[in-house]
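Listed in Swiss-Prot:
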type	residues	note
BINDING	64, 65, 86, 192	substrate binding site
SITE	29	site 'Transition state stabilizer'
SITE	255	site 'Transition state stabilizer'
């Protein structure tokens, strides 16, 4: 958070947000690329710890794509993604279990504990938290393509139901749930499910005040190669425009879908925030200016840096 010439003024300013968000639910999704860097992972955990200290109720969801890619390479398994989403064979699913519910998950829990957060790890399989069905083959038109193609994503689950009872039980005892993006089928199958999708579904089911995506860039960018083209405020119409112009592509497309699902489902706002810039999450929560992009269903006024 930027230093103020008058630190007491900064504290008074932040205090109104502390009061406003007290006991509110924030779902925080940590990107896999950031989690692969222990320094960035610990910095994120320290920010989450401060939210918890201020009686904000965080629920953490994590990805793990880069570490899964690394393990697949080591195991000589193909890494295939279409429109930003992973194709998951049975061997790749086994690797995903090792990473998402294993090493990465445990390392994140350890760092949260070290930061003072009473974190408890779950996957979507635990207590039937995330119920899914296998995604059927779908037609996908990738960026730059003129025609779509039929894609079978393999053992990927589309969410059908979210049962938040285990999460609510943990939160009632002042624990912080940390959720890996695996889901369970009614037939006992386990599926790989996009972490952005899981975060949005949980945010809706928990009636979250806010959903945060911590990413490698400052937020939504009008020009993906220009960090200074940050969009500070956007609505769903703006989001659709950025998708149509190609400003949102690749791995950002699942995020756009998740943002839309969350906002239509009643989440107050969705924020894309840097997981690299120091204290960007805290700055987004506790200052007027914020640090990244806030997306809402509709906005009447747009400050400088907004779309349009």
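The backbone N, Cα and C atoms fix where each Cβ goes, and this holds for glycine too.
Keep in mind it's a predicted model, so treat the numbers as computed, not measured.
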Where residue 64 (substrate binding site) sits in the secondary structure, as DSSP reduces it to three classes: coil
Annotated substrate contacts 64, 65, 86, 192, maximal Cα-Cα distance (Å, integer): 12
Remaining residues near the recorded substrate site, that is with C-beta within 8 Å of the centroid of the site residues 64, 65, 86, 192: 32, 63, 68, 88, 96, 99, 100, 181, 194, 195
Rounded inter-Cα distance in Å - residue 29 (site 'Transition state stabilizer'), residue 64 (substrate binding site): 11
Residue 255 (site 'Transition state stabilizer') to residue 192 (substrate binding site) - Cα separation in whole Å: 16
Cβ atoms near residue 64 (substrate binding site) (within 10 Å, other residues, all chains): 27
Same-chain residues at least 6 apart in sequence whose Cβ lies under 8 Å from residue 86 (substrate binding site): 65, 68, 79, 80, 92, 153, 156, 192, 194
Neighbour count (Cβ, 10 Å) for residue 192 (substrate binding site): 26
Secondary-structure category, per DSSP, in which residue 255 (site 'Transition state stabilizer') falls: helix
